[in-house]
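The following features are taken from TrEMBL:
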DOMAIN    A:9-61  domain 'HTH myb-type'
DOMAIN    A:9-61  domain 'Myb-like'
DOMAIN    A:62-116  domain 'HTH myb-type'
DOMAIN    A:62-112  domain 'Myb-like'
Amino acid sequence: MGRSPCCEKAHTNKGAWTKEEDERLIAHIKAHGEGCWRSLPKAAGLLRCGKSCRLRWINYLRPDLKRGNFTEEEDELIIKLHSLLGNKWSLIAGRLPGRTDNEIKNYWNTHIRRKLLSRGVDPATHRPLHQPLSDITISFVKKEERSSTEDKDDVHVMHNYQKQQQQEKLLRCPDLNLELCISPPFQEMNSSTVQPVKREGESVITYCFTCSLGLHKSQGCNCKCVIPSTAFLGLEKQHFRGK
DNA sequence: AATGGTTCCAACCGCTATGCA
DNA sequence: CTGCATAGCGGTTGGAACCAT
């Protein structure tokens with residue numbers, strides 16, 4: 001047997017939240033903290049489902065939300081992150097303190113898409129609009145199954161294409177490290193996963209593979225979490241104002 | 001002032017991964 | 001191990017606000 005349902009859908013309110021509902025939710029979370037969304041509505045005296053409460057809190061009521069217009073700097077950062085991560089709004093939001101995934105998603109769809117289109121850039125691919133793809137060859141034929149001349153040609157084309165892609169990435173985001181290849185983490189010292197990093201003029205910083213992927217403080221994080229979450233993809237200092 | 005079109009964004013929906021019983 | 005609930009995510013929608021005619 002599983003658990004009982006999170007809420008009685010027939011007896012829950014829908015639509016816009018009232019001021020009173022907001023106040024109840026804020027007061028409850030202030031008193032008891034976030035979490036256990038299942039039991040929250042009843043405990044807070046709200047006729048809403050837990051999912052709705054969670055969304056309302058995360059997207060609108062949280063005290064650390066920035067609100068207000070996006071800066072030009074934030075625009076550019078969102079564009080860069082989107083070119084890297086695609087529609088991973090929660091990951092993008094994680095790099096923009098005080099912004100929610102929903103807010104960024106809406107902002108992307110209403111402002112940035114248009115902005116990119118006006119620049120002649122396809123917002124989905126971040127490539128110039130109407131760029132011919134005729135020079136791209138994708139081959140699934142095994143090397144040993146190809147003739148020697150064929151092989152030579154394919155390798156040549158793919159090599160040029162990869163080079164072109166790398167150059168595009170550099171032009172797009174010159175200040176970001178775009179090498180997102182997946183490989184075993186760098187191993188050092190006794191620990192199997194903790195990496196030491198030394199920067200010029202700084203003390204030694206250590207972080208685990210989990211943190212290096214931007215999963216700071218997640219379950220898999222086994223370091224002391226001294227790396228700022230904003231350091232992912234080399235974005236620290238450059239793009240973030242202190243909170 | 002009335003009307004119709006457009007923009008914006010909060011909220012909902014449906015799906016997946018994870019965890020619990 | 002299985003089935004279900006929960007949490008979280010991305011896509012979509014409804015309707016209020018705004019703008020042009």
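Every residue, even glycine, has its Cβ placed from backbone N, Cα and C.
The average pLDDT computed for the domain 'HTH myb-type' (A:9-61) is 83. Sorting the domain 'HTH myb-type' (A:62-116) by DSSP state (H, G, I as helix; E, B as strand; all else coil) yields 36 helix, 0 strand, 19 coil. Sorting each residue of the domain 'Myb-like' (A:9-61) by its DSSP state yields 34 helix, 0 strand, 19 coil.
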